[in-house]
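Since the structure comes first, as structure tokens, the remarks are kept for the end.
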Amino acid sequence: MKQPLAEAKHTFFAADTIATRYWHRLEDGRIQCDVCPRACKLKHGQRGLCFVRACQDEQIVLTSYGRSSGFCIDPIEKKPLNHFLPGTPVLSFGTAGCNLACKFCQNWDISKSRELDTLADQAAPQELAAAALRTGCRSVAFTYNDPVIFLEYAIDIAQACHEHGLKAVAVSAGYMCAEPRVEFYRHMDAANIDLKAFTERFYRKLTGSSLGPVLETLQYLKHETSVWFEITTLLIPGHNDEPSELDALSRWVCEKLGPEVPLHFTAFHPDFKLRDPPPTPPETLTRARHIAIANGLHYVYTGNVHDLDGGSTYCQRCGQRLIGRDWYELSTWNVDAHGDCRFCGARLPGVFEPTPGEWGRKRLAVALHRRRAG
Ligand code: SF4
């Protein structure tokens, strides 16, 4: 794998292992990783909870640089982002591991992987950007697992994307420390942040993390960056779908982040270690959407279901349907060349082009390089 730029920028210990910056030495000799609030304290040879960061030669290294669990071209609506280059294809990929431990993980085969052999595909940042360009994508998304844990690789890819006029999209749980957060989001154009619930109890019991740092990330994005971001809450029956919790969550979003931040309520399906709750009934999503709209949010969506009403974007001034959308597929398009309502001229917040993309809802697997066995 050719990595001229990366080689100039990073110290490589092996083909896919690089030195990192966010850590410090403890008095007892261990090294503490400072990327996320989990603050893993590691001895030589140990790996952090995320599995891809490890202690080696008295420092924290990233062991999955340039390696991926596979590439797919998705509609940008699948991230989900409804106000960012609608209808366009995005080259999506993940690595292995995760810094959260969600019992309901919908990508657990990747995020809980303890086998770096899961990372069968290889791509240097420039190759990845070139592949996105070649396949007609407008952006590259770090998704399937949280890019926070491989931030050095994600940043290099974002820079390569920008050189080609492509955008970089982070799909993250927002569980990150302040200093790396600044560096990471300086290179991102858009993000979808999971706000998994609105109670510390849920975060502690079902994700092994905490709510506070996630709320800090959301406020940081809103008030200190120009990153376009949307929020997703996966509604799990019996765990985070109480009207009172959704009332508090949407009230907080409106008060702290403003009414224009899109909020997506998406449907859960039983997976990984959480198989008891049933799939989310569509009416639960619709109820949540109505609560959030009543609390002042302008753009509230239902997801992972067929729901033209809940999936579409409406003008906040005249009420017309501006973008018809049903499970990632666009229909109506009433946004003018400036990104305004075609009927009354009201501004639609987001990143829009004069015409929508035509990717539809299909997924397409893409192979870059397969690792050789052995
Ligand atoms: S990024 Fe990984 S190693 Fe670092 S603190 Fe978080 S879980 Fe631990």
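Cβ coordinates come from backbone N, Cα and C, glycine included.
Just so you know, TrEMBL annotations are computer predictions that nobody has curated.
Here is what TrEMBL records for this protein:
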type    : residues              : note
BINDING : Cys98, Cys102, Cys105 : [4Fe-4S] cluster binding site
DOMAIN  : 83-304                : domain 'Radical SAM core'
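By the criterion of other Cβ atoms within 10 Å of the residue's own Cβ, the least surrounded of the binding-site residues Cys102, Cys105 is Cys105. Around the Cβ of Cys98 ([4Fe-4S] cluster binding site), a 10 Å sphere holds 27 further Cβ atoms from the protein chains shown.
In the predicted model, the domain 'Radical SAM core' (83-304) has a mean pLDDT of 93.
The secondary structure of Cys102 ([4Fe-4S] cluster binding site), as reduced to three states from DSSP, is coil rather than helix or strand.
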